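What TrEMBL records for this protein:
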- 306: active site, nucleophile (ACT_SITE)
- 179, 180, 181, 182, 183, 184, 185, 202, 233, 251: S-adenosyl-L-methionine binding site (BINDING)
- 77-87: compositional bias 'Low complexity' (COMPBIAS)
- 80-318: domain 'SAM-dependent MTase RsmB/NOP-type' (DOMAIN)
- 76-102: region 'Disordered' (REGION)
């Protein structure tokens with residue numbers, strides 16, 4: 001007797017996306033598909049806590065630019081969010097391990113699409129993330145420590161910053177990152193320099209250890225003391241600290257589209273994970289509801305995924 005050859009999970013994922021996203025995106029799908037499968041690129045999130053002032057100049061000499069400050073100059077306000085996300089799809093999974101670009105939705109009883117002028121003003125002076133131009137596959141050097149041992153930048157998918165920018169944290173606000181590991185967005189939230197208190201939670205103990213490692217590698221002790229790290233099921237957060245936070249980031253587990261077409265390891269399209277994948281929208285909805293209940297009255301919640309699937313994005317919000 002012979003057994004049928006096992007179809008790689010990456011091939012199953014790409015077949016699934018070909019069947020679904022081609023109907024959703026129509027003529028745009030071939031270029032988006034190429035973006036999913038393209039050469040991996042990094043964005044370099046500058047560490048404002050590091051005492052290495054020359055890093056930005058060094059990166060600019062390499063023809064890298066800060067996409068956070070440059071994007072509003074290149075597009076009208078109403079197009080900025082879409083343009084940044086489209087550019088993010090060209091970026092790839094790096095340290096953050098997230099995916100091809102995030103779908104970001106702001107749940108404030110209504111979904112906000114545009115970024116307001118105060119948002120653009122508040123983020124541009126603090127968060128800086130350098131990327132190389134489209135078509136340039138130059139790789140950033142590994143991060144280096146300063147005299148105090150803090151690394152000068154964090155390599156991540158530039159699109160993973162979009163949820164943080166959309167959250168628009170204001171001075172002294174209490175912020176919850178409900179699904180925080182491995183920690184890139186938590187670090188980006190700290191780069192704003194304005195969080196009154198930051199709670200970073202992830203259900204996975206092993207992933208939370210990675211979060212601790214990132215905090216110790218990039219953040220001085222006095223700032224780390226303003227961060228509480230927990231390993232709880234985010235769906236139960238209301239029982240811990242309901243109605244507490246001004247801003248809540250709900251960056252949910254999803255099909256991680258780029259990872260699914262590029263990596264066999266921990267691939268959600270593996271046949272033994274079929275039921276888990278089918279249940280993702282329900283898990284995402286439960287996490288979003290927990291995030292809403294964790295927010296103060298009048299607070300704001302940003303929901304994000306690294307998937308193009310409407311089932312995991314618009315339908316969850318609606």
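Cβ coordinates are placed from backbone N, Cα and C, and glycine is handled just like the others.
Remark: residue 181 (S-adenosyl-L-methionine binding site) has 202, 204, 207, 208, 210, 211 as non-local neighbours, by Cβ distance under 8 Å and separation of at least 6 in sequence. Residue annotation for S-adenosyl-L-methionine gives 179, 180, 181, 182, 183, 184, 185, 202, 233, 251. The furthest Cα pair among them is separated by 20 Å. When the alpha carbons of the residue listed as 'active site, nucleophile' and residue 233 (S-adenosyl-L-methionine binding site) are compared, the span between them is 20 angstrom. In sequence order, 203 are the residues near residue 233 (S-adenosyl-L-methionine binding site), counting only same-chain partners six or more apart with C-beta under 8 A.
Of all the recorded positions listed (179, 306), 179 has the fewest other CB atoms within 10 A of its CB.
Sequence-distant contacts of residue 183 (S-adenosyl-L-methionine binding site), defined by Cβ-Cβ distance under 8 angstroms and a gap of at least six in the same chain, are 200, 210, 211, 213, 214, 215.
Cβ neighbours within 10 Å of residue 185 (S-adenosyl-L-methionine binding site), excluding its own Cβ and spanning all shown chains: 27.
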